[in-house]
Amino acid sequence: MDDGYRNTNLYQGGRDTNQVSDDYRYQDGNYEGYTSNDGYYRGGDEPTHEEDAQSDVTEGHDEDDEVYEGEYQGIPHPDDIKAKQKQRAPAGDDDYRDRADLMAERMEDEEQLAHQYENIIEECGHGRFQWTLFFVLGLALMADGVELFVVGFVLPSAEKDMCLSSSNKGMLGLIVYLGMMVGAVMLGGLADKLGRKKCLIISLSINAAFAFLSSFVQGYGFFLFCRLISGLGIGGSLPIVFAYFSEFLSREKRGEHLSWLCMFWMIGGIFASAMAWSIIPHYGWGFSMGTKYHFHSWRVFVLVCSLPCIASLVALKFMPESPRFLLEMGKHDEAWMILKHVHDTNMRAKGEPERVFTVSYIKTPKQVDEFIEIQSSTGTWYQRWLVRITTTFKQVWDNVLYCLTAQYRMNTLILAVVWFTMALSYYGLIVWFPDMIRYFQEEEYESRVKIFDEEEVSHFTFNFTLENQVHRNGEYRNDKFIGMKFKEVRFEDSLFEECYFEDVTSSETFFENCTIISTVFYNTDLYEHKFINCRLINSTFLKEKEGCHMDFEEDNDFLIYLVSFLGSLSVLPGNIISALLMDKIGRIKMIGGSMLISAVCCFFLFFGNSESAMIGWQCLFCGASIAAWNALDVITVELYPTDKRATAFGILNGLCKFGAILGNSIFASFVGITKVVPILLASSALVGGGLLALRLPETRDQVLM
């Protein structure tokens, strides 16, 4: 079956079939044109250069040629490579022909490989192997979904444990997106050079290690750093996951099953919400070591949220590299063995173990990149690594620039706008919804405030909680405030004379324009900034409470968890619909329709004047917009060739995270001020992006290049 997959209709316009010296063929058990020691394709026998051979024999004996100590003499120094290439340029030699000709030949080879690979994947079938990989990569995508919710859930607790200011809280909320933005671009680009599996393992390892570490660190700066690096790791996993899985799917299965894979992002949100609801309110779930180290329940939650990433990392060890990537790298034998394994696994699961994998010939594209490798005897270790790293990143940068060449420029720019507008509106509103719900709660809470005017209390002991009260023009003489809590309490223009405060904890409590005479404060958190324009006469502060404390358990925390849970669950119908219709109506109509419907949902937010209404509109918006996200993931994978796929996805996903940062910052600034700007901004961005998406080419009928 040497030619079992060479369909003449698929190779019209190719080179003359008599030119067999440039093809990678299998004959009589030998691979022609293949050098196994470096894994790269070689088009024909290597030429013999008498001058080079003579130079190798006599090297070190010519006075004009200085031999550097420690240099491996059989391999040219990297600085001399360009000079050597100019010296060796005989006409007609494949290894030294013009780069443009090599690129044209490689593109021709890639087109032939794309059609042949589609036929091979169809022969392998869709079965146990793809479903196993589906769940392994799904756990990685689930970890990405969890990462977005972790900081939002732990902030109310972490701000008291770490004494966070408002600016610190805002930075902690945005730092994860910043890390994901950098990770998507960097690790996505590396995945096209080092391999899908290897880079995904690196990505998940970084996330798991620093997510685990962040649950134990005490200081704000170190915690911020850990979440940044953790976000960098999980951000790199997203472009790799979709590129990796798509290369094991046939054309007729690709759109549907990539959409099913997106459901794990929803599962990640549900998992994070459920764990937060179950763990964080139990403040006693932890331990302390002395007075400095505290491991509270929110740290247990951070630890639990790293489990999907760790599970995916372990399972990924048993999965193979993408054979499509290996073929692009010229590694025919490895790719063939993996494809045979996929075929045999699926056939055994279907009860047809006797089915034989009939493929013996797979087209391998010409290798154009010249990777400089320095032997261990050349230079120092850091010089060798520096050459490897700089060469790899130069190749990644070339891939980035390739996405902006004439062939892909228009598609890349359109996709960039669509990704950005989608992220700006979606992530902006996702933050805006909970903030608006909190705003409604605060308004309702303030409406129930109790006001006490001109009260006079003397020789009384307060040992209970005062909450949501305003005391004006009061007089307190010889009173004791012992073991009590103040929550949202204000004393205005009041007199405290010969009073005693001991073991008092306060939250949002202030004394304004008060006179405090001969009063003792012992072991309290009534710090100086809580006394505004007050006169303190002969008053003493002894043994103030140190650090920050979990003063009160918020009664409405469960509602925030519930909102996130319902928001995540509401995308289930949209996921199902998009998966079933992705290959029927196409990616473009799915993106445009979903974004326009989401824009209409935004206008109904004008009628959201209560908590229940905001929760309902949030669920509707999330359910309508998820189809656009799924279609964007699919079309981004399909529009770019294999050796640029993860790079392009990483660039666009990094731009998406930049849109998320802007959306979070802009929309949050209008909470409690106006709803008009966030609603109009989100709806106009969705309409513009949806209409522009209609100019993209439809990809549901094309093979993966």
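First residue shown is number 1, and so on along the chain.
Cβ coordinates are placed from backbone N, Cα and C, and glycine is handled just like the others.
These come from TrEMBL:
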COMPBIAS  1-21  compositional bias 'Polar residues'
COMPBIAS  43-52  compositional bias 'Basic and acidic residues'
DOMAIN    133-700  domain 'Major facilitator superfamily (MFS) profile'
REGION    1-95  region 'Disordered'
TRANSMEM  131-154  transmembrane segment
TRANSMEM  174-192  transmembrane segment
TRANSMEM  199-216  transmembrane segment
TRANSMEM  222-246  transmembrane segment
TRANSMEM  258-280  transmembrane segment
TRANSMEM  300-319  transmembrane segment
TRANSMEM  413-433  transmembrane segment
TRANSMEM  558-581  transmembrane segment
TRANSMEM  588-608  transmembrane segment
TRANSMEM  614-635  transmembrane segment
TRANSMEM  647-670  transmembrane segment
TRANSMEM  676-696  transmembrane segment
Taking contact to mean three or more C-beta pairs under 8 angstroms, with sequence separation of 6 or more, is the transmembrane segment (258-280) in contact with the transmembrane segment (558-581)? yes
Listed stretches 174-192, 588-608, 614-635 vs the transmembrane segment (413-433), most Cβ pairs under 8 Å: range 614-635
Grab the pLDDT values for the domain 'Major facilitator superfamily (MFS) profile' (133-700) and give me their mean, rounded. 84
With an 8 Å cut-off on Cβ pairs and a sequence gap of 6 or more, do the transmembrane segment (647-670) and the transmembrane segment (300-319) reach 3 or more such pairs? no
Of the listed stretches (131-154, 222-246, 588-608, 676-696), which one yields the highest count of Cβ-Cβ distances below 8 Å with the transmembrane segment (300-319)? 131-154
Long-range Cβ contacts under 8 Å made by the transmembrane segment (222-246), restricted to residues 6 or more beyond its ends, are 133-134, 137, 140-141, 143-144, 147, 151, 158, 162, 171-172, 175-184, 186-188, 191, 196-197, 199-200, 202-211, 213-214, 254, 257-258, 261, 309, 322, 633, 636-638, 645-646, 649-650, 653-654, 657, 704
